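What follows is a short report on a single structure.
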Ligand code: DOR
């Protein structure tokens, strides 16, 4: 009932982790690979190991989460070796997330992947809000265009981009126009809503240490923004570019809504962090229940079919 195709690979369901959650170490990645999730993505890798920002750097709130992890990760080789090993043992569809600390590092990371044996998908994270002094790449339209133009002079493997949320129709238009110039496999909307501030009232203090408490928001707060981005890009992007919907998935209804807006796959961040990998069996059950009630037998029955009021 929940089967879906991505790059000619049949997945048991459209659910994945969102990069950053439960995917830093081989142990966590193995747990994801053995879970009910249809696919998984690795923690965003930089060229070198990074310790990330000082703790506390992740905080669960009533309505979601705030984080300023600062891209802690084990470096590209660690994740690239992992996915290549799994590929050799028959793994079909894997997602490797990467981002560079500079323009040159971005190009270098993708060159290394291009030259490697890895045949899976690369998710190019253009939207980390948490590295002090480094703006989110995809809020700079000119830079995004320039970077993708250079990357596609040599990169021939499947590539997706992880985008930050946009809040203006003109920005949806402008970014979609840029993305449509390139042979992208997919667009993933959205990364966390950057630089929110959550306050502990008793202490009259922020809850995370980096950047004076500013951090990316996830969870329930961000679902309407995530859905708007999925819908806006599905309406604007070439049909060949798939969409991964990320943001505000707490239950099966949220997964259904992402797909209704046009998502091909749906990623779970904050709720996976709260519940662990068993979240995927809960969400698949809840989604199936909703589909049964509505009389749908496949995701195609409602994908992208959101109605508007005439
Ligand atoms: O919210 C996020 N946190 N998004 C990213 O892209 C990276 C992550 C981090 O490590 O700070």
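Glycine is no exception: its Cβ is also placed from the backbone N, Cα and C atoms.
TrEMBL entries are annotated by machine, without manual review.
Of the listed candidates (70, 100, 216, 219), TrEMBL assigns 219 to the same FMN site as 19, 43, 44, 125, 162, 190, 247, 248, 269, 270. Proximity to residue 162 (FMN binding site), defined by a C-alpha to C-alpha distance within 10 angstroms, is shown by the following recorded positions from 43, 68, 70, 125, 128: 125, 128. Between the CA atoms of residue 192 (substrate binding site) and residue 219 (FMN binding site) there is a gap of 9 Å. Contact annotation for binding-site residues (19, 70, 162, 248, 270) versus ligand 1: 70, each with CB under 6 Å from a ligand atom. Cβ-based crowding with a 10 Å cutoff singles out 192 as the top-ranked of the binding-site residues 19, 44, 68, 192, 270.
Secondary structure from DSSP puts residue 68 (substrate binding site) in coil. Across the structure, residue 128 (active site, nucleophile) and residue 70 (substrate binding site) place their CA atoms 8 angstrom apart. According to DSSP, residue 270 (FMN binding site) sits within a helical segment.
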